[in-house]
């Protein structure tokens, strides 16, 4: 068709060019005898202009005819392709379908929303019989329990026996899943039979194409075996791109993360968040004890006023003791701390240092000097006190501490007037260090 069109265009161009040469020849022939007049030249140019206009009109008509024939051919071709296609597959409930072309040999893929796992093939191919390979997949909620399906079936799920967050193999790059607590669950290992399954092969136009479900890699001499990918081994803890903050458990075609006791799995399915047993009343502390939440647990502490030889104290609040008035001239009593405060802090293991832990401030100053320092406590080598303001001192952690551990520090604030002691105020800080770094 295109050759016929260009042949016509070529013939029309030759005719037009011939007519133009004849006109010009007439002009030059007359010019050999005498110089042509302006009128003759204008007439010749008008004739050429008319011939070009006719040629342009003919060209546009031929071009429109060609476009019409191409459109008709395209529509008939598309009609043939539409007939030779599989029916449009429906996306599973709580999931979606990827792929818009349903012709023979084309694939469509299925995904589930966060909190659901796919039961059935993730990929279906349009066969020559105009039917889709495999069975229609479905999305099952991760928290639901279902009977285990037989192995070596294209529709068998990559399921875990626990209520955990599952990920496909591509989850090392990006994934989202529901957060299910696995705080009290022990790891489970996949059985060898579920870690190896046959591949899904499709025969099309004399060739064979074999694929595996997500989370499996193809192997075997004839690409007829799918072997589970151990994502936990590929992305070990502590390495860039780690999958789980605490522990990773490999499952057939997937993996899930678990948290230690005292933690919940977060919505991303990988991190762990501390459970506040004190706020949620999940502790066993008595009425006389104070519940202190720690990372991964809790502590029941008893705040008691000290019993000194030269001074007595009374408990004025749950975390503070005040010294009783001293007898006149009782210097040992007046040198004892005027008040003792108790504070409990929880930190993670191997926390970076130096780090500010606590600040001690004077509400009002009677003397002309305030002094801050460490008065005692266990593990004094881990702490330091610095003055951070006229009336403020800061307790610093100067070395990282590997948990689990319990450390104590005593920060003393002394008030003086002309180097004469007016009062001492003691703050006892207890540090509970978690065995985990999160």
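Cβ coordinates come from backbone N, Cα and C, glycine included.
What TrEMBL records for this protein:
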SIGNAL    1-32  signal peptide
DOMAIN    84-141  domain 'Sushi'
DISULFID  112-139  disulfide bond
List the residues of the same chain that sit at least 6 positions away from residue 112 (disulfide bond) in sequence and have their Cβ under 8 Å from its Cβ, in sequence order, or write 'none'.
92, 94, 95, 118, 139
Within 10 Å of the Cβ of residue 139 (disulfide bond), how many other Cβ atoms are there?
21
Per DSSP, how many helix, strand and coil residues does the domain 'Sushi' (84-141) have?
0 helix, 25 strand, 33 coil
Averaging pLDDT over all residues of the domain 'Sushi' (84-141) gives 84
